[in-house]
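Sequence annotations record features per position, and here Swiss-Prot assigns N-acetylalanine to A2 based on similarity to another entry. Swiss-Prot lists G26, 29-32, 43-44, H46, 48-49, G75, 130-131, D133, 161-162 with the feature GTP binding site, giving similarity to another entry as the kind of evidence. Marked as Mg(2+) binding site by Swiss-Prot on the basis of similarity to another entry: T31, T49, D72. Swiss-Prot lists 41-54 with the feature motif 'Switch 1', giving similarity to another entry as the kind of evidence. Annotation source Swiss-Prot lists motif 'Switch 2' at 74-92, citing similarity to another entry. Annotation source Swiss-Prot lists S-geranylgeranyl cysteine at C218, C219, citing similarity to another entry.
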Amino acid sequence: MAAAGGGAAAAAGRAYSFKVVLLGEGCVGKTSLVLRYCENKFNDKHITTLQASFLTKKLNIGGKRVNLAIWDTAGQERFHALGPIYYRDSNGAILVYDVTDEDSFQKVKNWVKELRKMLGNEICLCIVGNKIDLEKERHVSIQEAESYAESVGAKHYHTSAKQNKGIEELFLDLCKRMIETAQVDERAKGNGSSQAGAARRGVQIIDDEPQAQSSGGCCSSG
């Protein structure tokens with residue numbers, strides 16, 4: 001997924017900073033996904049997020065350093081109006097539903113409509129069917145979910161925070177897509193104004209950032 005020509009070489013020494021927001025109903029496992037990804041932790045007890053929590057993750061993808069700011073939002077209906085505060089300027093959105101709960105899947109469709117209305121096609125969307133460890137209790141068909149994701153220009157993923165399945169793939173693929181989107185924007189704007197174009201999406205591109213400065217955050221990965 002690297003950019004063609006000189007774009008890939010130009011981006012090789014850069015650090016990308018991306019904002020990712022998780023959206024979905026309460027009890028679908030958003031917090032469990034983030035904690036499993038960032039800290040490799042899982043709690044069988046339901047974790048209720050009040051308004052939002054914030055975690056960070058550092059990665060190296062094909063020689064490109066990526067700083068992720070991951071916003072985990074509350075799923076309760078009373079917090080829905082706060083959504084725009086958290087997804088504003090996001091580069092990626094992970095829309096989570098519980099495969100055993102048809103209603104949670106239908107609510108994802110509402111989030112997709114809202115995100116497309118507010119942010120257009122510039123945001124990378126991931127639709128995630130979580131709790132695949134409860135396959136026998138599934139109420140959302142795989143074909144229906146994947147077909148819907150394709151129809152709205154999103155990628156679909158199957159995950160289990162409990163069994164640690166599909167989560168690394170989800171975040172890695174999203175990061176690659178966000179890098180590709182940022183590089184396309186850079187090339188479209190030309191060398192002289194690439195930063196301005198990327199800034200519209202909230203992307204921060206730091207040239208030749210020393211590794212020693214890549215500290216901090218709740219979690220990190222090589």
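Note: Cβ is positioned from N, Cα and C throughout, glycine not excepted.
In sequence order, the binding-site residues near T31 (Mg(2+) binding site) (Cα within 10 Å of its Cα) are A161, drawn from D44, K131, A161. Cβ neighbours within 10 Å of D44 (GTP binding site), excluding its own Cβ and spanning all shown chains: 6. A161 (GTP binding site) carries neither a helix nor a strand DSSP state and counts as coil. Under DSSP, K131 (GTP binding site) is assigned to coil, being neither helix nor strand in the three-state scheme. K131 (GTP binding site) sits 17 Å from D72 (Mg(2+) binding site), counting Cα to Cα. Packing around K30 (GTP binding site) is summarised by its Cβ count: 27 other Cβ atoms lie within 10 angstroms of its Cβ, all protein chains included. Its Cβ taken as reference, A161 (GTP binding site) is surrounded by 25 other Cβ atoms within 10 Å in the chains shown.
A sphere of 10 angstroms centred on the C-beta of G26 (GTP binding site) encloses 17 other C-beta atoms. Each residue contributes its Cα atom, and for G26 (GTP binding site) and D72 (Mg(2+) binding site) those atoms are 11 Å apart.
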